[in-house]
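Noted in Swiss-Prot for the protein shown:
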- 6-9, Lys20, Gln71, 76-77, 98-100, Gly135, Glu150, Asn165, Asn223, Arg329, Lys347, Tyr362, Asn373: UDP-N-acetyl-alpha-D-glucosamine binding site (BINDING)
- Asp100, Asn223: Mg(2+) binding site (BINDING)
- Ala376, Asn382, Tyr383, Ser401, Ala419: acetyl-CoA binding site (BINDING)
- 1-225: region 'Pyrophosphorylase' (REGION)
- 226-246: region 'Linker' (REGION)
- 247-453: region 'N-acetyltransferase' (REGION)
Amino acid sequence: MNIVILAAGTGKRMRSALPKVLHPLAGRPLLSHVIDTARTLQPSRLVVVVGHGAEQVQAAVAAPDVQFAVQAEQLGTGHAVRQALPLLDPAQPTLVLYGDVPLTRASTLQRLVDAAREGRYGILTVTLDDPTGYGRIVRDAAGFVTRIVEQKDASPEQLKIAEINTGIIVTPTAQLSMWLGALKNENAQGEYYLTDVVELAIEAGFEVVTAQPDEEWETLGVNSKAQLAELERIHQRNIAEALLVDGVTLADPARLDVRGTLRCGRDVSIDVNCVFEGNVTLADNVTIGANCVIRNASVGAGTRIDAFTHIDGAELGAHTVIGPYARLRPGAQLADEAHVGNFVEVKNAVIGHGSKANHLTYIGDADIGARVNIGAGTITCNYDGANKFRTVIEDDVFVGSDTQLVAPVRVGRGVTIAAGTTIWKDVADGLLALNEKTQTAKSGYVRPVKKKS
């Protein structure tokens, strides 16, 4: 089977310099959703017709299995499909999709493809309570499709028809070239419409069949930011419903955003306003607090992530405790039972089993062993203005508050670092490290008094 995806439109009503098909739905371009669905049908040829912003669109979705045809002038959907003809296998049927209709299920498309086997012409239709504005499917007394009539051309009787054309079709490819060549642009827009092909197919004696989606929203397209927002909510609702079916506890399914793939184990609980991006895995008994953002991360069983935590590219072991207001950046690896508390940032660092950094700390480019206590206000000074260096803190170290570790530096096993210490040289195992300081208390001191104006 050939699949052609039309993605050449300007999208004027989006009021944006970004090509319409590149506007994000759940964090990914609209067109990417359509391509992914198309791939599940395993086409032999997958062709995207580009036009407005062609180079930008091609760069966004380029892949070895995707070919591109260019529609230099936007002269209608029929003209767009014609540009793809040289790239198609004429011996196989062609399925035509739209780059701004992202939620059509693969099962729906397969149903249409199956209906159109043996050289039939297939149309995906949907029955609406209010079909205003859509082309109607006209059938004869025997129920066979005879034509598609647009709203402006429909008779009062035809306007009562609730079955409408979605634009998604399956057509014999060998005949498609002839039919497209016979299209006329005698309409207000001066364009060649793919919908006109159905009458040519009927005139040529081809049987026209239809299939319908399970849900109306599968055929909704995007022509404005309002419609994009509507589809975003539909998509997120579908994701939330699937998570609930799988046993995930959602404090409010309407306040969850998944912009990628979220895999959850048993008894996972997610509070409100959480965003998951990229590939995220939550193991059994993970609890996520409110207003967290988690991107490309794996979270071990029994972990608790408190509110307002931001995690990006991190790996968390089992029974870790994170947040609130913590930030784990790419390369952060936490072993089982590690704690990272409020206003702690970890970047490209390993924190060992049971180690804790509970308050106001920066840990960057570091290797921290097991059972280490990092006091509040500790900083690994990893950057000299030109290069990054690593800090190594071995097992069972106690780091007092307000400590600076100037990398590259190593702190041996069992070391105790006094509060307010700057470490710039390696410290051997078991020692106490401190900077000698003198405390002075003076009598007779009088605080300044604010002058009265």
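Even glycines carry a Cβ here, placed using N, Cα and C.
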Average pLDDT across the region 'N-acetyltransferase' (247-453), rounded to a whole number: 98
Among Ala376, Asn382, Tyr383, Ser401, Ala419, the record's acetyl-CoA binders - longest CA distance, Å: 22
DSSP-derived structure type at Arg329 (UDP-N-acetyl-alpha-D-glucosamine binding site), helix or strand or else coil: coil
When distances run from the Cα of Asn373 (UDP-N-acetyl-alpha-D-glucosamine binding site) to each of the binding-site residues Asp100, Asn382, Tyr383, Ser401, Ala419, the nearest one: Ser401
Lowest local Cβ density (other Cβ within 10 Å) among binding-site residues: Asn223, Asn373, Asn382, Ser401: Asn223
Which same-chain residues, if any, lie at least 6 apart from Ala376 (acetyl-CoA binding site) yet have Cβ under 8 Å of it: Asn358, His359, Leu360, Thr361, Ser401, Asp402
Cα within 10 Å of Asp100 (Mg(2+) binding site) - qualifying binding-site residues among Gly76, Arg329, Asn382, Ala419: none
Ala419 (acetyl-CoA binding site) and Asn223 (Mg(2+) binding site), Cα-Cα, nearest whole angstrom: 61
Distance from Gly76 (UDP-N-acetyl-alpha-D-glucosamine binding site) back to Ala419 (acetyl-CoA binding site), taken between C-alpha atoms, in Å: 73
Binding-site residues compared (Leu6, Ala419) - highest count of Cβ atoms within 10 Å: Leu6
DSSP-assigned states of the region 'Linker' (226-246) in counts, ordered helix, strand, coil: 20 helix, 0 strand, 1 coil
Least surrounded among the binding-site residues, given as Asp100, Glu150, when other CB atoms within 10 Å are counted: Glu150
Between Tyr383 (acetyl-CoA binding site) and Gly99 (UDP-N-acetyl-alpha-D-glucosamine binding site): CA-CA distance (Å): 46
Nearest of the binding-site residues (Gly9, Gly76, Arg329) to Asn382 (acetyl-CoA binding site), judged by Cα-Cα distance: Arg329
For Tyr383 (acetyl-CoA binding site), the one of Leu6, Gly9, Gly76, Glu150, Arg329 that lies nearest, given that the binding-site residues are compared by Cα: Arg329
